[in-house]
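Engineer: This is the structure, below, for whatever I ask next.
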Amino acid sequence: MSLCTEPLPLRPKPVFQLHASARILIASQAPGRRVHETRVPFDDPSGNRLGEWIIPSRKVGCIMLSDSGPVGIISRLFRF
């Protein structure tokens, strides 16, 4: 356990999706409660908005934003 886990409302539970073939990495801020519970990256309204900005149809060919193929996803909680 790290020193910064005690004051947090939820214990650290990293949410990431990486594959050796990933050519793009999306590094985001800490996930919200829904993503923290489901452990599915961007599985919330802000994730839907991000998907619309990056990929308007959330699909390019047969690659979905939620697949672990050419796009890697990692979210982090930064404490200062």
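Each Cβ is built from the backbone N, Cα and C atoms, and glycine gets one as well.
Where the annotation comes from TrEMBL, it is an automatic prediction and has not been curated.
Small disclaimer: the values here were computed from a predicted structure and weren't measured.
Copied straight from TrEMBL:
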- 20-54: domain 'Uracil-DNA glycosylase-like' (DOMAIN)
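Describe the structural surroundings of these features, if you would.
Structural biologist: On the 0 to 100 pLDDT scale, the model's mean across the domain 'Uracil-DNA glycosylase-like' (20-54) is 79.
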Engineer: Report the DSSP secondary-structure composition of the domain 'Uracil-DNA glycosylase-like' (20-54) as helix, strand and coil residue counts.
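Structural biologist: Counting residues by DSSP class gives 16 helix, 5 strand, 14 coil.
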